[in-house]
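Chemist: Copying in the features that TrEMBL gives for the protein in this structure:
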ACT_SITE  SER202  active site, charge relay system
ACT_SITE  ASP328  active site, charge relay system
ACT_SITE  HIS357  active site, charge relay system
DOMAIN    122-363  domain 'AB hydrolase-1'
TRANSMEM  7-32  transmembrane segment
Amino acid sequence: LESQVRVGFFGSGVGLSLVLGFGVAYACYYLSSIAKKPQLVASNDRFCRFLEEYCPVVTETYYPTIWCWEGRVQTLLRPFITSRPQVQYRNELIKTADGGQISLDWFDNNNSSYYPDASTRPTVLLLPGLTGTSKESYILHMIHQSETLGYRCVVFNNRGIAGEELLTPRTYCAANTEDLEAVVHHVHSLHPSAPFMAAGVSMGGMLLLNYLGKTGRDTPLMAAAIFSAGWNVFESVESLEKPLNWLLFNYYLTTCLQSSISRHRQMLEKLFDMDLVMKARTVREFDKQFTSVMFGYRSIDDYYEDASPCRKLKSVGIPVLCLNSVDDVFSPAHAIPVETAKQNANVALVLTSCGGHIGFLEGIWPRKCTYMDRVFKQFVQAVFEHGNKIFSM
């Protein structure tokens, strides 16, 4: 009977036809609705032409991994799927004006054949996400891409995150740019003749945008690349508080924040009720009890308003390329400041239909290079090697 069923089902071709039919239907859906060219938003025609010529990846069709293209899935899987290139860092601790210290991890690339002179070797400052450090896979891949081009990298680790001691009861936030300003000045002072740009991911991108909005053209940075930034913090936390997103992301991120400060509890409990902080179950609750209080905001709304880069985008004074996916639950599509970006000739937005938050996986088995990595590599190379064509904008 089993043999008859098997022969009757597959021998007749019905089973094979169903499989083939499903495969064809899925392929058609993927090619028509999933794989798309990104939307390039830029008011400056010269900047657009520059990107089309020297950073063509932003105009090419992005083919997300066919079996995990949905935003939440990409966000969840990327840390587990992508490889972790080996990077040897040189650590440096620098002092801040308030008595604190910041940990910088340098990849000097002293074996660079393209730029053997360290004094003129192009330098990329990298800013990880909310609880990220120089050990994050996306940072390691950026350094690997930079290494092949001969560039030097330095990773800005936020206070108390990378294993160093917290010398004062202060950590970091997306709105306060004092530490970043100190790092930019320090790196530039060490290599004043070297071309210098920065790239920020997630909260690192928000911090970098807020810094650029504050400084305008008064910065030694030539240009910047921003990946998966949360443009409007109010919209970001509201999206993350939806039931499924809270279960998948919000609660875990809150525990990561709590873990990042628990090691410094003895120092921080001088100013905070740490028991109350540790009871937070959402990022909003954590920020209300800890972050907004630490930086002297009257309310969490005041902090979120100050931390939202969309409010400072008009003041950015150097070329900036910003990559976001419209299915990123950390930065909802309706909160991406498309119209504001069109009012600043220095800003270009690249919006993909899929990719999630720092996902952008592509290929059948996306272990190595992601779409985000390719955008980073092409844009950094374009700036360092052909930047004179956009700096006169």
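Yeah, the Cβs are placed from backbone N, Cα and C, and that goes for glycine too.
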Chemist: Can you tell me how far the Cα of ASP328 (active site, charge relay system) sits from the Cα of HIS357 (active site, charge relay system), in Å?
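Modeler: If we compare the Cα positions of ASP328 (active site, charge relay system) and HIS357 (active site, charge relay system), the gap is 5 Å.
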Chemist: Across all the protein chains here, work out how many other Cβ atoms are within 10 Å of the Cβ of ASP328 (active site, charge relay system).
Modeler: 29
Chemist: For SER202 (active site, charge relay system) and HIS357 (active site, charge relay system), what Cα-Cα distance in Å is obtained after rounding to a whole number?
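Modeler: Each residue's Cα considered, SER202 (active site, charge relay system) and HIS357 (active site, charge relay system) end up 8 Å apart.
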Chemist: Measure from the Cβ of HIS357 (active site, charge relay system) and count the other Cβ atoms within 10 Å, all protein chains considered.
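Modeler: A count of 25.
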Chemist: Averaged over the domain 'AB hydrolase-1' (122-363), what pLDDT does the prediction give?
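Modeler: Averaged over the domain 'AB hydrolase-1' (122-363), the predicted model reaches a pLDDT of 97.
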Chemist: How many other Cβ atoms are found within 10 Å of the Cβ atom of SER202 (active site, charge relay system), counting all protein chains shown?
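Modeler: The Cβ of SER202 (active site, charge relay system) has 26 Cβ neighbours within 10 Å.
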